């Protein structure tokens, strides 16, 4: 029943005369009350709970989740299309399983529908019944036949099937291989007999987010489903993960082993070690009567190592702080003097050389047989030889990986890290990339952070490098300032020996923030890419500079 005009007129006047209200929704006209989903709130008309206004101003129902194969007719209420059922119309109805059966002979359920087929010797009629047909009996179809204008022929129950060459057997159509399947970019196609479906890529899972289903990344690290070693850190990536060994461990991340640490003090105090043999050799000096030519070289036992606990490089923190060379060298000399005093006891050795038979206490003659028994190795470090050649140069930065005042940093955005390796003479370390690190074309970067350089017109960068092994990879050097400029590259080293590279850096180098050593893995399985002592010299590179090989 319509309200009296006396009541309706005051409600209409503001809208007609251009008042604040501009829509009949704000004044509860009775005509709106007959629309579905419209409710009266006091003197106003608005969409009921569970309904919302569309762009045409009509209230429409809301369903969450949406009706997949149907329409929303009320709040969270779906009306399914024929062939589908369920709360959100996602379940297929098996028409072949209901009673009465829709087909006389064979019934094949399809997605959202069904198809009828007749036994051999029968023909399918429009009303889904079958009639005898001698022609169909001769065809001997796999799934049945149908009557066409050209005559009876075999049919397949799905659009994902096709008739074989004999015209009787149905073969599967691989929609994934034929590009007929349409899957989102983050899903992959899986073929089935007569159809296909879309599945999330490996490392992703299907979730309902933002009113739709989507494939999201699986965080294997958070779910603890990764195979990383207990001594490795798990780093989640899109669709996968990475394993990196923790500080103090080495390996591929799946298997990590402790980096061995050998103490110099333990070696010297072990029973029957080289300490006793040195005393024996010193006692033998009085028996020598032949004049010998002395070589002023300090021997080191091959088994003695610099303790790795003092290695200034930290793979966990990514940054290496250089140590004070003078302070540590002073401590080593004091420790050496204390050990010599313990060995001498109350005896004192004359620190002078007698031409006929007396040797200094800290020098050994190569003609003494006991020297071979001691298995002594005379240390000739290539780094020292290299620096002797540059002793007259103005060195601005002098860096190595065991001594020196400089900062080294691993790149956290690359594919693998550089690792410290023992030098051949067991004294100190250099940085290397083994051939088994990473995969082909993977990149590992090592940065040398430069301090505030004194402005100069030119600089020369000197460094020792080695590419050992067949097809081990490439070594590049970048100079980082406003942009990363490739300054040097080496792809192979035929003999695999240590060499020294030099790069002339011209005016403007004082604005450089770092020098980057980049290793790119090849397909070789043996060898390594290595870098050692780095020098930054003020001025031009010397013309008489010779590469140091070792």
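First residue shown is number 1, and so on along the chain.
Every residue gets a Cβ built from N, Cα and C, even glycine.
Per Swiss-Prot, the feature compositional bias 'Basic and acidic residues' maps to 318-354.
Among the features that Swiss-Prot reports, disulfide bond is placed at 59-72 (among others), with the record citing sequence analysis. In sequence order, 35, 36, 37, 38, 47, 48, 51, 52, 53 are the residues of the chain that are 6 or more apart from residue 59 (disulfide bond) and have a CB within less than 8 Å of its CB. In the three-state DSSP classification, residue 59 (disulfide bond) falls within a strand.
The annotation disulfide bond is assigned in Swiss-Prot to 63-78 (among others). Within 10 Å of the Cβ of residue 78 (disulfide bond) there are 24 other Cβ atoms, across all protein chains.
Look at Swiss-Prot and you will find 80-89 (among others) tagged as disulfide bond. All protein chains considered, the CB of residue 80 (disulfide bond) has 20 other CB atoms within 10 Å.
Residue 107 (disulfide bond) falls within a strand segment according to DSSP. If you look up Swiss-Prot, you'll see 96-107 (among others) marked as disulfide bond.
Listed in sequence order, 96, 114, 116, 117, 128 are the same-chain residues six or more apart from residue 103 (disulfide bond) with CB atoms under 8 A from its CB. Per Swiss-Prot, disulfide bond is recorded for 103-116 (among others), and the stated evidence type is sequence analysis.
Per Swiss-Prot, the feature disulfide bond maps to 118-130 (among others); the stated evidence is sequence analysis. Less than 8 angstroms from the CB of residue 118 (disulfide bond) sit 104, 105, 106, 124, 130, 136, 144, 145, each of them six or more residues away in the same chain.
Feature annotation from Swiss-Prot assigns disulfide bond to 176-189 (among others). Annotation for residue 189 (disulfide bond): spatial neighbours 175, 176, 181, 183, 196, 197, 198, 199, criterion Cβ-Cβ under 8 Å with sequence separation of six or more. In the three-state DSSP classification, residue 189 (disulfide bond) falls within a strand.
Residues annotated as disulfide bond in Swiss-Prot, with sequence analysis given as evidence: 183-198 (among others).
Counting only residues at least six positions away in the same chain, the Cβ atoms of 234, 235, 236, 241 sit under 8 Å from the Cβ of residue 221 (disulfide bond). Annotation source Swiss-Prot lists disulfide bond at 221-234 (among others), citing sequence analysis.
Residues annotated as disulfide bond in Swiss-Prot: 228-243 (among others). DSSP assigns residue 228 (disulfide bond) to coil, not to a helix or a strand.
Residues or ranges marked as disulfide bond in Swiss-Prot: 245-256 (among others). In this structure, residue 256 (disulfide bond) is part of a beta strand by DSSP. Its own atom aside, the Cβ of residue 256 (disulfide bond) has 21 Cβ atoms within 10 angstroms in the protein chains shown.
Here Swiss-Prot flags 55-90 as domain 'EGF-like 1'. Within its own chain, the domain 'EGF-like 1' (55-90) is flanked in space by residues 23, 25, 35-38, 47-49, 111-114, 208, 211, which lie at least six positions past its ends and keep a Cβ under 8 Å from the stretch.
Annotation source Swiss-Prot lists domain 'EGF-like 2' at 92-131. The list of residues near the domain 'EGF-like 2' (92-131) in space but at least 6 beyond its ends in sequence, with Cβ under 8 angstroms from a Cβ of it, reads 69, 81-85, 137, 139-141, 143-147, 152, 155, 157-158, 195.
Annotation comment: Swiss-Prot describes 172-210 as domain 'EGF-like 4'.
Positions annotated as domain 'EGF-like 5' by Swiss-Prot, on the basis of sequence analysis: 217-257. Each residue in the domain 'EGF-like 5' (217-257) has a pLDDT score, and their mean in this model is 89.
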Lowest 10 Å Cβ neighbour count of the disulfide-bonded residues 63, 107, 116, 198 is held by 198
Could you check which of the disulfide-bonded residues (72, 107, 228, 243, 256) sits closest to residue 89 (disulfide bond), going Cα to Cα? 72
Would you mind checking how many other C-beta atoms are within 10 angstroms of the C-beta on residue 394 (N-linked glycosylation site)? 12
How far is it from residue 78 (disulfide bond) to residue 107 (disulfide bond), counting Cα to Cα, in Å? 28
Taking residue 245 (disulfide bond) as the reference, which of 63, 72, 80, 107, 228, 394 (the recorded positions) have a CA within 10 A of its CA? 228
